[in-house]
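Accompanying notes for the structure given below.
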Ligand code: NAP
């Protein structure tokens, strides 16, 4: 039996790549597409919906979401409330929202995944960075994305920062008396260290974590050159969430 998949945000850069991945896997079946601004009624025989409410009672197993930060929480809630296991790549969730969605998934007995990054290299970078931060507590995160990205810092940078916060003893970095002559010059502060967001055309999704210590430095870097880099993670997520009974945050929870 194939896993029936809905793709929300199917016309976007990530959503359209996910549609092709689902279509290319015989174990998966694309059953519905969602985009509030779509004009077409169907694509290759797959029905297109413009309002999520029209999917109430629809027969599907998994809700793949690559939409926009401002609707991601409502969409994920909707999926759980209607029996679709969410696999969400959309970024911009707060810690409270994630905790609420995990609680809702337990109540419903449904699996789910919110993954700020589906690329295996990015997962490894996060783990290595957290480990290194125990020994190199002075660090800065620089995330670099295409210039159409709506949220900053990236979900990957936030997740990396959270993992570092768990591993590293708190340290307020920089000079005690440092001052910004232009606001924002030192980036965003998180647990005493800084996060910088670069937005440029030509980029896809990249991140560096730079560590500094007495007389030495260490740089960890991951690059997604193409959105295909996220698809094995999305595929794994779809196949895993249908076997589980609660939502998890981070692809590493399923590896
Ligand atoms: P994008 O190209 O702008 O695609 C988003 C699509 O969602 C657009 O086609 C948009 O339509 C549509 N949309 C907006 N509101 C919607 C709604 N309520 N329901 C359904 N569809 C809706 O953006 P993208 O580059 O694909 O990125 C999408 C999200 O994935 C972002 O949050 C991004 O940060 C994240 N992302 C995650 C990963 C990961 O590995 N987890 C990797 C890359 C990107 P309109 O354009 O008509 O508004």
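Every residue gets a Cβ built from N, Cα and C, even glycine.
In TrEMBL, the NAD(+) site is described by 9, 10, 11, 12, 13, 14, 89, 90, 91, 115, 116, 117, 118, and among 40, 53, 59, 140 the residue recorded at this site is 40. The separation of residue 149 (active site, proton donor) from residue 9 (NAD(+) binding site), Cα to Cα, is 14 Å. Counting residue by residue with DSSP, the domain 'Dihydrodipicolinate reductase N-terminal' (3-118) contains 42 helix, 30 strand, 44 coil. Under the three-state DSSP scheme, residue 149 (active site, proton donor) falls in the coil class.
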